[in-house]
Amino acid sequence: MTEFALDTQTALFIIVGFALVWIAFGVWLGRKNKSHEDFALAGRNVGFAFAAATAMATWVTSNTTLVAPQLTYQLGVWGMVGYSFAALGLLLFAPMAKRIKQLLPQGYTSGDFVRLRYGRFAWAVFLVISVVYAFGWLVSLGMAGGILLEALSGLDYYIGMTIILAMCVGYTLFGGLRAVIATDFIQALIIIVGVAVVAYWLIDNVGLTSIHTELSEAHPQLLDLLFPAAVMFLFNNIFFGLGEIFHSNVWWSRALSFRKDVAYKAYLTGGLLWLPIPVVTGFIALAAPQLGIFPASADMIGPAVAASVLGKTGAILVFIVVFSALASSLDSLLAASSDLVTQDIYHKLIKKHASDQQLMRFNRYCLLGIGVMTWLLCLPRIATLGALLNFAGAFVASTIWPIVIGLYWRRLQGTFAGIAMAAGTIAGLIAYFWIGFYVAALVSCAVSGLICAIGIVFNKRQFSWHELQENGQ
Amino acid sequence: MIISETAFYLLVTGALILTVLAPVVLIGLFLKDYFSKSIW
Amino acid sequence: MTSFQVWLKSYNKALFALLSILISCSAVAQSEDAVVLSGPVEKVRAGYFVVELDHVSPTLRPLSLQVSQSKSFASLLQTVPIMGNFNQVTLTGFESGHYYIRAVHQQRVVSQTAIEVTVEHYPIWQALTLFLLGALLFLLLLLTLIMGHKKAVAND
């Protein structure tokens, strides 16, 4: 019989307890939400502490608590170092966040910018990419929730996944972005402390020397600095991270919600705080062979090691940490996606004269709808988390150049930006299927960049920044 | 080319120390915002 | 539905039942506690792979896998305990080469046959080429961003 670190009853008790506390917190924070701007952008006045914490905590996702250990288990030292390079996304977004706040002081979403800067064609392509990415990430997070509970407590995958999704939808529904940001702050603290405790225990009890010795003897490839697959994966992962952050409304809506002058330093601080975390979580996976832990599937390695070394108390700790990490990303993505649909589709295409209260109501229905759709997509347990995320890399990396050029230069026009995103995505997908996962984002970014360059060379018209200010804004 | 034990040690302990510093920074920033009434 | 279709459907059902019986008979005919291992058929390119275990009777737990570079298992590279009652395990960190894997329970070999897995990493030139291309593209992006930022700050 499998011995799970936690019995199912305890796991259920913790998860339901957390769900109730977070939802109550969401309701309490939501009492300040008077307008749609309050609900979607927390009143555009978020201070430095919450801003830095939310930037960091949202980026600590299933990536860092489940996939970083998974990739370290598969690709060794480069897996964890490579993953920590994803911090570059936050660091490079810092100047962009400042620019976004400057160009769109009254803007709502990343879709707003693309529509005003590049027009409808590029906007349509961008929305398709955003939707594919958002659902890819939402589904991978929902699945991670189910996998986590199953690995730690034997609780049925479907029950775990359902409760996590319902909780995040619950508190975001009541509290809006304010609840998302405030819970992120607390979740960030829980995550860091938990991860540090597990890693310290391993260093203290197992020892870095013995881990290094065991790996060099039985799993030498994991310590190899010239591990071919890992070297190939490195820049692909960086471009994937850049694409995720540069295009996603999760990060744009944060930039727009932060107080003036806070956006730049908040993203910079968040990135620097995030940088060492994947190394610490990845290291947990490297200790596995020394402890005689070999997981059934690689994405279970992080929780499996932590739970087995720390016993029941540790299992509870790990459980809460990973649960917090998942929630801090899931809530952000739910909020940002429903903002995107409310603002870009409902407000701009369906009901142009919608009142503030109508927008807020639609946003809430939308949040609920996205939650239900995510749940439906999580039902078939499609792929391992890593595979699913790499597939999305082809989509998001194609947006890097159009977004960067669009924010700073006036020479690129909509048709080329749209073609760049579409062709980049298609090329990335072809590379994914014909060559391998490790080139999808790289090829997508390169092709899109090339088309943008051609667009700049052939374009004569200069975009006027004033066109970004919509009537009535 | 296998990473040396010293480099491995420095990588992991360095990352752990930086990780532990993060909550200190975050709580410090929060207190600063709280007392200057600029959380939201 | 025509009568022919009805006939075809019941014929298929009968065929399936017969097949099931045959399969279960052959399973019984095999040694009752023989574990069947299956691993990647194609070359492994990144040093990690999944081994699946079938026909594991509960009496064979705890179960381990032995990994060796020789067909005779003269010297063992690793012994891998299978977690709980999972029927698969992910092995990792292998250099290029041929590996043989068999299942053991309390020092007794319990797998029908050992499986062979071939690991062949991507050539390093291919990896470094991709690395360099990535680095160049990244540098270009970084320069674009820095120039843009400086221009924006200057225009403020």
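The backbone N, Cα and C atoms fix where each Cβ goes, glycine too.
The transmembrane segment annotation in TrEMBL covers A:12-29, A:41-61, A:73-94, A:155-174, A:186-203, A:225-246, A:267-294, A:314-341, A:362-382, A:388-409, A:416-435, A:441-458 (among others).
Take the transmembrane segment (A:186-203) and the stretches A:41-61, A:73-94, A:155-174, A:267-294, A:388-409: counting Cβ pairs under 8 Å, A:267-294 has the most.
If you look at the transmembrane segment (A:388-409), the same-chain residues 6 or more away from its ends with a CB under 8 A from one of its CBs are 63, 67, 96, 99-100, 103, 110, 113-114, 117-118, 122, 126, 129, 132-133, 136-137, 139-140, 143, 236, 239-240, 242-244, 246-248, 382, 417, 420-425, 427-429, 431-432, 437-438, 440-445, 447-449, 452, 456.
Counted over residue pairs separated by six or more positions, the transmembrane segment (A:362-382) shares fewer than 3 Cβ pairs under 8 angstroms with the transmembrane segment (A:73-94), which leaves the two as not touching. Long-range contacts of the transmembrane segment (A:267-294) within its own chain (CB-CB distance under 8 A, at least 6 residues past either end) are made by residues 48, 51-56, 59-60, 63-65, 68-73, 76-77, 79-81, 83-84, 86-91, 93-94, 97, 191-192, 195-196, 198-199, 202, 206, 210-211, 214-215, 218-219, 222, 255, 301-302, 304-306, 308-309. Simply put, out of A:12-29, A:225-246, A:416-435, A:225-246 has the most Cβ pairs sitting under 8 Å from the transmembrane segment (A:73-94). Under the criterion of 3 or more C-beta pairs below 8 Å, with sequence separation of 6 or more, the transmembrane segment (A:155-174) and the transmembrane segment (A:441-458) do not qualify as touching, having fewer than 3 such pairs.
Simply put, out of A:12-29, A:314-341, A:441-458, A:314-341 has the most Cβ pairs sitting under 8 Å from the transmembrane segment (A:41-61). Proximity of distant same-chain residues to the transmembrane segment (A:314-341), defined by a Cβ-Cβ separation under 8 Å and at least 6 residues beyond the stretch ends, is recorded for 5-6, 10-11, 14-15, 18, 22, 40, 54, 57-62, 64-66, 108-111, 127, 130, 134, 137-138, 141-142, 144-145, 148-149, 152-153, 164-165, 167-169, 171-172, 176-177, 179-180, 183-184, 186-188, 190-191, 194-195, 197-198, 201, 248-250, 252-254, 302-303, 306-307, 363-364, 366-367, 370-371, 374. Sequence-distant neighbours of the transmembrane segment (A:441-458) (same chain, 6+ residues past either end, Cβ-Cβ under 8 Å): 235-237, 239-240, 242-243, 390, 393-402, 405, 409, 411-413, 415-417, 419-421, 423-425, 427-431, 435. When Cβ-Cβ distances below 8 Å are used as the criterion, the transmembrane segment (A:225-246) is approached by residues 59, 71, 75-79, 82-83, 85-86, 88-90, 92-93, 96, 133, 137, 389-390, 392-393, 395-400, 403-404, 436-442, 444-445 of the same chain, each at least six residues removed from its ends.
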